[in-house]
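Novice: Encoded as structure tokens, here's the structure I'll be asking about.
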Amino acid sequence: MQCIAIQGFEGSFHQVAAQRFYGASTAVLTCATFREVVAKAQHDERCAGALMAIENSIAGSILPNYNLLKKSGLRIIGEVYLEISQNLLVYPGTPLSAIREVHSHPMALLQCQDFLDRHSWKLVETEDTALSARHIQQNQSRHIAGIASTLAAQLYGLDVAAADIQTMKHNYTRFLVLSRDAGAPEAAPANKASVYFHVHNEKGSLAKVLQVIAGCGIDLSKLQSFPIPGSNWQYSFHADLEFEHRAQLDQALKQLDKVTTELHLYGVYAAGLRAGLQLLYP
Ligand SMILES: O=C(O)C(=O)C[C@]1(C(=O)O)C=C[C@@H](O)C=C1
């Protein structure tokens, strides 16, 4: 049976995102690290694809994942914006005063920084939110709390000691859907593309790229720069482009080829629904 590689275990946010994209009965192949997710998606015949978190509206970009994507040769075939509610979970009956340590995925800890700053708990980074919850249940730990979803609380029989503890009420993580299948048809209707490019470090070189994008009527929804290792502070860029008609993208790619020194198209796909994010900027 084909499955989808995800970072995290039963009850993780990656599992919820995979089910949102592929359907509730989707089988997942759980991986401890993002590196493993990419390796499974590349080489494991059982995997039809993979989900990988790429950015969060509070904690920001997951920069190492851009690098993994670049090296992987995988295609982006879709994306999911998932609303994330973080909760402080404890072994049943444990009072807050008993907590000494809080365990969770580093991105989850970052999302709850303001709440955690009000306490003097030791913060411990783990592979995954759900795994932290499972650990507390298995060890019946009363001095350790976890940060995870209410789904994880139910799955592992834990109490929610504090609900919705992320720094801002509206908290979204964006997941990329990845595939190794170079021949897979593009999503229809596709209205988003992701590219990677280099420009020479000289006056106006990035401005030319931006002019092409704007000139084709494309919305640049994300631009991320990265130092190129060993290049004496040259930078490469990742851009997400949103358009109405495929012809706009084709025209832009043709022109971008002339104003960049390297250009790679990661994929053309349907933009994920992110209605909730607009509430942040009414
Ligand atoms: O730990 C999990 O549950 C995950 O799925 C990982 C992850 C992440 O990588 O950002 C997913 C969504 C949340 O932003 C917190 C953690």
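Using N, Cα and C of the backbone, Cβ positions are placed for all residues, glycine too.
Caution: TrEMBL annotation is automatic and unverified by curators.
Annotation source TrEMBL lists domain 'Prephenate dehydratase' at 3-180. The feature site 'Essential for prephenate dehydratase activity' is assigned by TrEMBL to Thr173. Summarising the annotation, TrEMBL assigns domain 'ACT' to 194-270.
For each listed feature, how buried is it and what is near it?
Specialist: Mean pLDDT of the predicted structure over the domain 'Prephenate dehydratase' (3-180): 96.
In this view, Thr173 (site 'Essential for prephenate dehydratase activity') is surrounded by 24 other Cβ atoms within 10 Å of its Cβ, with every protein chain counted.
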